[in-house]
Structures are given as C-alpha cells and as structure tokens.
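Enquirer: My structure is below; once you've seen it, I'll send some questions.
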Amino acid sequence: MSGCRAQNAPGGIPVTPKSSYSGPIVVDPVTRIEGHLRIEVEVENGKVKNAYSSSTLFRGLEIILKGRDPRDAQHFTQRTCGVCTYTHALASTRCVDNAVGVHIPKNATYIRNLVLGAQYLHDHIVHFYHLHALDFVDVTAALKADPAKAAKVASSISPRKTTAADLKAVQDKLKTFVESGQLGPFTNAYFLGGHPAYYLDPETNLIATAHYLEALRLQVKAARAMAVFGAKNPHTQFTVVGGVTCYDALTPQRIAEFEALWKETKAFVDEVYIPDLLVVAAAYKDWTQYGGTDNFITFGEFPKDEYDLNSRFFKPGVVFKRDFKNIKPFDKMQIEEHVRHSWYEGAEARHPWKGQTQPKYTDLHGDDRYSWMKAPRYMGEPMETGPLAQVLIAYSQGHPKVKAVTDAVLAKLGVGPEALFSTLGRTAARGIETAVIAEYVGVMLQEYKDNIAKGDNVICAPWEMPKQAEGVGFVNAPRGGLSHWIRIEDGKIGNFQLVVPSTWTLGPRCDKNKLSPVEASLIGTPVADAKRPVEILRTVHSFDPCIACGVHVIDGHTNEVHKFRIL
C-alpha cells in the first residue's frame with residue numbers, strides 16, 4: 001500500500017515489487033522541453049527485457065541556421081529549450097569564439113561561469129522536486145501524517161527549524177485541494193489509491209510535499225540570479241563573441257544582488273535538497289540495483305581558460321566498461337552521430353563537422369527507423385553523460401570536493417561507490433554535483449571580485465570574422481555534454497550541428513544496433529503494475545528529460561489505453 005515500507009531483504013534493502021505481466025508497455029508521449037519522448041518496452045514476467053527510445057518531434061534548428069551570421073547562432077539555439085536556455089547560448093558563443101580565434105577576457109570568463117553555476121542550481125532543484133521526486137513521493141499519503149511527528153523528523157535531518165504548525169498548514173492546504181476533487185497536475189497520478197512501488201511513510205511524504213511547494217518559490221531566486229548578469233531568464237542576452245556585454249556586472253550593487261540570491265539558494269541546497277535526497281535514497285536502496293550503464297563521458301566545466309578543457313574545475317574524461325582506473329583523455333575527433341535508426345537520409349556515421357540534417361520520415365520502425373534523434377557515439381560506443389558521469393569521473397580523478405561530498409553521501413546511506421551505477425546513483429550524483437557547484441560559485445565570485453579590485457574592467461575582446469573557419473563549443477550542461485559545431489563559409493554559417501545531452505542519453509540504437517544509455521538502463525527494470533509503470537519513469541526521469549504532459553499506456557493484451565499524468 002502507498003505510504004508503507006516495502007518488505008526488506010537481508011541488509012535492510014527493500015524487495016522491489018514486480019508483477020507477472022508479460023507484454024509491451026508504451027509510454028507516449030513522455031514530453032520534455034526539447035521535444036517529445038516515446039518509450040516502448042517489452043516486459044517478460046514483470047521485468048523489462050527490451051526497450052526503444054523515440055523522439056517524436058522534429059527540431060530542425062541546424063537547417064534554420066544555414067546562411068545566417070554566426071553571431072546570431074546563440075539567439076536561435078537558446079530556443080531549443082525553455083529550461084536550460086543559457087547553456088545553448090554559451091555553447092554557440094564558445095563555438096564561434098573558437099572559430100574566430102578570440103581569447104576572451106578574465107572577467108567575461110568569470111561572468112559566464114557564474115551564470116552557468118546559477119543555471120545548475122536552478123535546474124537541479126527543479127528536477128529533483130518537480131520532475132523526479134514524485135516518482136518516489138506519494139503526495140496524498142501526506143494527509144495521514146502526524147505533523148508533530150513529521151516536524152521532529154524534519155528537524156532531525158536538517159539544521160533548519162521546522163514546526164508542526166508549518167507542516168499542519170501544508171497538510172490543511174493539501175486536504176482542501178484533494179477534497180475539491182480538482183487535483184490538477186496530480187489527476188490520475190500513479191500513487192492515487194495506493195501503489196506497491198511507493199515506500200515512504202506519511203510523515204516523510206508530508207515533509208517532501210512541503211519542500212515541493214517551497215522549491216517552487218526558491219527556484220525563482222536561482223533564475224533571478226541568472227538574470228542579474230544575463231539580462232533576463234529564460235533566454236539570456238549578455239553573451240557575445242569575444243566576451244559579454246553586461247558592464248553593470250562590474251558594479252558592487254549587481255555583484256551584491258547576485259551574491260544574496262546565491263546565498264539563499266545555497267542554503268536551500270544544503271539544508272533542504274541534500275537532506276531530502278538522503279532520506280528518499282535511504283528508503284529506496286533497492287534502486288541501486290537498476291538503471292545502470294557502463295560508459296561515461298564528460299567535457300568538464302567552469303574553465304579558467306576557454307581554450308583549455310583541462311583548465312576546468314571539473315576535468316573532461318572518458319570511461320569505458322566502468323574501468324575508472326583507466327580514464328581516457330577526451331578527443332573531440334572521436335565523436336560521430338549515427339542515423340541508421342533515425343529519420344534522416346543515409347546510414348553513414350558522421351563527425352559533427354561533416355554532419356547532415358536531411359529529414360526522411362518513414363513511420364515508427366519503418367526501415368528500422370524510430371526516432372528524430374541521431375545516435376551520438378564516442379569511438380563507436382554509447383556514452384552516458386550528465387551528473388553521474390561528471391561525478392564518477394571527478395571522483396576517480398581525485399577531485400577533493402567531489403570525493404568529500406560523495407564519500408559523505410555513501411557513508412550516510414551505508415553503500416559503496418558501486419551503488420552509484422544505478423537509477424538512484426544517478427539521482428544522488430545530481431545532488432552531489434549541486435552541492436559542489438553551490439560552494440564553488442562562492443569561490444568564483446570571490447575571485448571575480450578580487451580581479452575587479454585589481455583594476456581590471458575589460459569584459460570583451462576585439463576580433464574579426466574570417467571568411468572560412470571551423471569551431472566547436474563544449475559545455476557540460478546540467479543534463480550533460482553539450483557541443484555546438486560550426487563551419488563558416490564566406491563569413492556565414494555553412495553548417496551547424498548541435499550534439500546535445502539528450503541525444504547522447506536518450507537517442508536510438510546506432511548502426512551496430514547498440515542500445516542508447518536510456519534503452520540499456522531500462523533492461524531488467526521490474527514493473528509492479530503495467531498500467532502505472534512508475535518504475536520505467538523513475539529511470540527515464542533520472543536522466544532529466546523535463547517531463548511535462550500527458551502519457552498513454554497501452555495494455556498489450558487488451559489494447560486498452562490507460563491515460564494518466566506524468567509527475
């Protein structure tokens with residue numbers, strides 16, 4: 001029953017419930033900001049044995065950009081996504097910076113990095129509370145909670161004071177909402193009526209629900225921090241080829257405004273997000289057994305020198321088959337995009353600088369093609385990118401901050417590093433990354449202030465547009481490795497390719513039929529209720545594909561369509 005703990009196996013790890021169902025399950029659409037996602041799985045005796053990930057919306061930005069001024073790229077590519085818009089602006093700007101050969105000033109690097117830090121904090125808070133937590137939290141079970149008991153639990157896991165009155169107010173508001181019969185985003189949620197895959201007790205559900213509401217208000221602060229230097233959010237307007245345009249970012253007033261918003265956001269991360277993550281993770285330790293992948297790639301992030309990836313606070317690296325004793329250096333020439341199973345002309349794998357975007361829609365699985373996404377590969381292998389890749393590689397490289405936070409999380413949960421290769425590990429890594437970046441923003445901010453105090457007020461460098469050039473911009477966005485690739489011809493965009501985190505993780509098979517990370521991660525996932533496959537969505541959501549709208553689940557035996565809302 002929802003709100004009750006699952007039966008525990010020896011060692012205190014819950015036994016994950018599963019059904020005896022065999023047949024297909026289709027979740028369509030699983031939507032996100034970049035487009036729509038369709039997940040199709042084959043289940044045998046209650047476990048997933050095969051999976052297909054399909055992006056069902058054509059984007060076509062690469063086609064739109066051809067023939068335009070390279071400086072305009074950032075304004076178009078930001079519209080790829082309404083959440084992490086700045087990362088695309090940064091990737092496009094770095095891409096053209098690289099093509100024209102300009103070295104940007106120190107202050108510009110600091111300002112770009114600070115806005116990116118705020119972007120990370122905003123994205124990861126929103127993901128945990130509003131896109132992923134409700135795969136684990138039963139909001140309606142919070143109505144059964146004792147607010148006084150819940151307040152004691154909250155105070156035991158966080159230094160923040162939480163009163164019974166505060167939680168009672170949330171519970172009363174929730175009760176009124178439920179009794180109205182108009183559940184809005186919770187209509188037909190998986191947990192309504194109870195679901196065996198939800199384990200949290202009522203008090204923990206009440207605490208999480210209260211923090212869900214608080215995070216709605218808090219994420220505005222992180223977004224505002226981005227706008228302090230970025231002019232607005234979403235779709236910032238301060239990056240230009242050669243640096244930034246925001247001269248007011250040099251003033252004490254604007255710096256103080258950013259600093260105040262960062263401090264408030266960091267306090268929430270330290271006192272709310274991380275404690276909540278640890279409580280949820282402790283209850284769902286069985287999810288350290290599912291959702292893992294083998295290959296990882298990160299471009300690293302927060303550079304001192306834009307031209308040196310190894311100057312980044314997080315270093316780049318590549319790992320195959322979980323061999324973290326043998327971290328490979330990143331080589332941009334080893335990236336290829338495969339289209340054999342995508343709705344594009346041809347079947348040849350191409351490096352992004354030679355990439356083509358020529359649509360060829362068949363139908364679902366016609367000619368074995370089933371997605372508008374291409375399939376990026378590194379040395380021919382599918383690679384997971386994102387917080388888990390960045391944390392695992394940084395940990396293995398001996399990154400002191402990452403090691404300290406990761407070891408503390410693992411010790412608190414009583415598990416070893418191997419537990420990170422999982423759905424739960426991916427979710428925990430996002431929290432670890434958030435905590436490390438939240439602290440590092442303060443370090444960067446102080447360095448920026450010190451640099452200004454030395455009399456440096458330069459924020460942009462001059463440059464000239466070449467007739468012919470190639471460039472690439474690498475950003476480790478909140479969802480992972482993002483790269484923009486440009487070929488300039490006669491001073492205009494001759495070709496432009498975006499290789500985004502979601503194509504790395506959520507793309508289709510390649511020409512060698514190797515599954516993408518999300519497809520591979522779903523194999524072996526238990527499903528307790530085929531009509532409410534929350535387990536599938538736990539793993540899909542752990543990659544952070546911004547879920548927002550309605551979903552249909554098709555029963556393979558009856559062809560009955562079950563409609564419900566992703567939470």
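Placed from the backbone N, Cα and C atoms, the Cβ positions cover glycine too.
Feature table excerpt (Swiss-Prot):
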- GLU62, LEU498, HIS552: Mg(2+) binding site (BINDING)
- CYS81, CYS84, CYS546, CYS549: Ni(2+) binding site (BINDING)
- CYS84, CYS549: Fe cation binding site (BINDING)
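Walk me through where these features lie, including what they touch and how far apart they are.
Expert: Non-local neighbourhood of LEU498 (Mg(2+) binding site): LEU61, GLU62, THR77, THR80, HIS88, ALA91, LEU482, SER483, HIS484, TRP485, each in the same chain, at least six residues away, with C-beta under 8 Å from its C-beta. DSSP assigns LEU498 (Mg(2+) binding site) to a strand in the three-state reduction.
Classification of CYS81 (Ni(2+) binding site) by DSSP places it in coil, neither helical nor stranded.
Residues near CYS84 (Ni(2+) binding site) in space but far in sequence (CB under 8 A, at least 6 apart, same chain), listed by position: GLN119, ASP123, ALA477, PRO478, ARG479.
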